[in-house]
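See structure below.
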Amino acid sequence: MATSTAALTSTFSGQQLKPVNELSRKVGAGEARVQMMAPKSKAPSGSIWYGSDRPLYLGPFSGSPPSYLSGEFPGDYGWDTAGLSADPETFAKNRELEVIHSRWAMLGALGCVTPELLAKNGVKFGEAVWFKAGSQIFAEGGLDYLGNPSLVHAQSILAIWACQVILMGAVEGYRVAGGPLGEVEDPIYPGGSFDPLGLADDPEAFAELKVKELKNGRLAMFSMFGFFVQAIVTGKGPIENLSDHLADPAVNNAWAYATNFTPGK
């Protein structure tokens, strides 16, 4: 991680941190060094999603937001009954994990519904249902990317696995390392070559986009969980399940499936 070059004010404890590049923390008999990166700028005071006046959703067991959730970061609604964000290092790590999982979930949800929608409108796929598509690798003709044999033609699960590891690993390594020259200071919002449209040029608009990204990402993670459950219970894709529900809501609904579900059948 990039080291801080200015004095920091901790939003978790309200205490001034010493203006040094590294913070030393003693652990047992030894000593570990923890490097913290300063945010480039604080969230805009004019946004309703930041600061003490932001919308709060505290849940049934919290009367007020904890002191370490001050509204500095996007998606902070003041709810942390379990105290998962109390430790600054853990909070920073969890924020990064949430954003990365949100982005993958949004891509995944789009990838689950798009082939089914296209197939329903006449586009030919070998298999449009997301959890069945991978099995086409073992079919006689293999799996054609986007149903086109002139693109990627896959017949080896090991080759697909290797490509996934290499490509995804390269992208994540590129992001975490700060790009080819290590110029990126914030691995969550790297900007630069990762922002060719310049969406982060305006700080006010960028702060709003961070909130929108997390909102949509959280919904996408719940959606993916729902797709997993649907696949196990009904054996159908999300679009087909939606069509069945709209055709007969009284029969095709979550309650009916939950009360009649028998594992293994």
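From the backbone N, Cα and C atoms, a Cβ is placed for every residue, glycine too.
Residues near Y57 (chlorophyll b 1 binding site) in space but far in sequence (CB under 8 A, at least 6 apart, same chain), listed by position: Y77, G78, W79. Following the DSSP three-state reduction, the secondary structure of Y57 (chlorophyll b 1 binding site) is coil. What Swiss-Prot records for Y57 is chlorophyll b 1 binding site, and it gives similarity to another entry as the kind of evidence.
In sequence order, P66, Y68, L69, F91, N94 make up the list of same-chain residues 6 or more apart from S85 (chlorophyll a 1 binding site) whose Cβ falls under 8 Å from its Cβ. The feature chlorophyll a 1 binding site is assigned by Swiss-Prot to W79, S85, E98, R218.
Taken from Swiss-Prot, the feature chlorophyll a 2 binding site applies to H101. Within 10 Å of the Cβ of H101 (chlorophyll a 2 binding site) there are 16 other Cβ atoms, across all protein chains. H101 (chlorophyll a 2 binding site) falls within a helical segment according to DSSP.
The feature chlorophyll b 2 binding site is assigned by Swiss-Prot to R103, V152, L181, with similarity to another entry given as support.
Take the CB of Q136 (chlorophyll a 3 binding site) and look out to 10 A: across all protein chains shown you find 17 other CB atoms. According to DSSP, Q136 (chlorophyll a 3 binding site) sits within a helical segment. As annotated by Swiss-Prot, chlorophyll a 3 binding site applies to Q136, L146, E213, with the evidence given as similarity to another entry.
Within 10 Å of the Cβ of S156 (chlorophyll b 3 binding site) there are 13 other Cβ atoms, across all protein chains. Residues or ranges marked as chlorophyll b 3 binding site in Swiss-Prot (evidence: similarity to another entry): S156, E172.
Among the features that Swiss-Prot reports, chlorophyll b 5 binding site is placed at Q164, F261. Mapped onto three states, the DSSP output places F261 (chlorophyll b 5 binding site) in coil.
If you look up Swiss-Prot, you'll see Q164, R175 marked as chlorophyll b 4 binding site. For R175 (chlorophyll b 4 binding site), the count of additional Cβ atoms within 10 Å of its Cβ stands at 15 [all protein chains shown].
Look at Swiss-Prot and you will find K212, Q230 tagged as chlorophyll a 5 binding site, backed by similarity to another entry. The DSSP secondary structure for K212 (chlorophyll a 5 binding site) is helix.
In sequence order, S102, M106 are the residues near N216 (chlorophyll a 4 binding site), counting only same-chain partners six or more apart with C-beta under 8 A. Residues annotated as chlorophyll a 4 binding site in Swiss-Prot: N216.
Annotation source Swiss-Prot lists chlorophyll a 6 binding site at H245, A254. H245 (chlorophyll a 6 binding site) has a Cβ environment of 15 other Cβ atoms inside 10 Å. Look at H245 (chlorophyll a 6 binding site): DSSP puts it in a helix.
The transit peptide annotation in Swiss-Prot covers 1-36 and is backed by a curator's inference.
Per Swiss-Prot, transmembrane segment is recorded for 151-171 (among others), and the stated evidence type is sequence analysis.
The feature transmembrane segment is assigned by Swiss-Prot to 219-239 (among others), with sequence analysis given as support.
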_I need the CA-to-CA distance for E172 (chlorophyll b 3 binding site) versus A254 (chlorophyll a 6 binding site), whole Å please._
37
*Candidates Q164, Q230: member of the binding-site residues with the richest Cβ shell (10 Å)*: Q230
_binding-site residues compared (W79, F261) - highest count of Cβ atoms within 10 Å_ = W79
*Excluding W79, S85, E98, R218 themselves, which residues in that chain have a Cβ inside 8 Å of the centre of the Cβ atoms defining the chlorophyll a 1 site?*
G75, D76, Y77, D80, N94
*asked:* What does the structure give for the C-alpha distance between A254 (chlorophyll a 6 binding site) and H101 (chlorophyll a 2 binding site)? Integer Å is fine.
replied: 26
*Alpha-carbon distance [Q136 (chlorophyll a 3 binding site); Q164 (chlorophyll b 5 binding site)] in Å*: 17
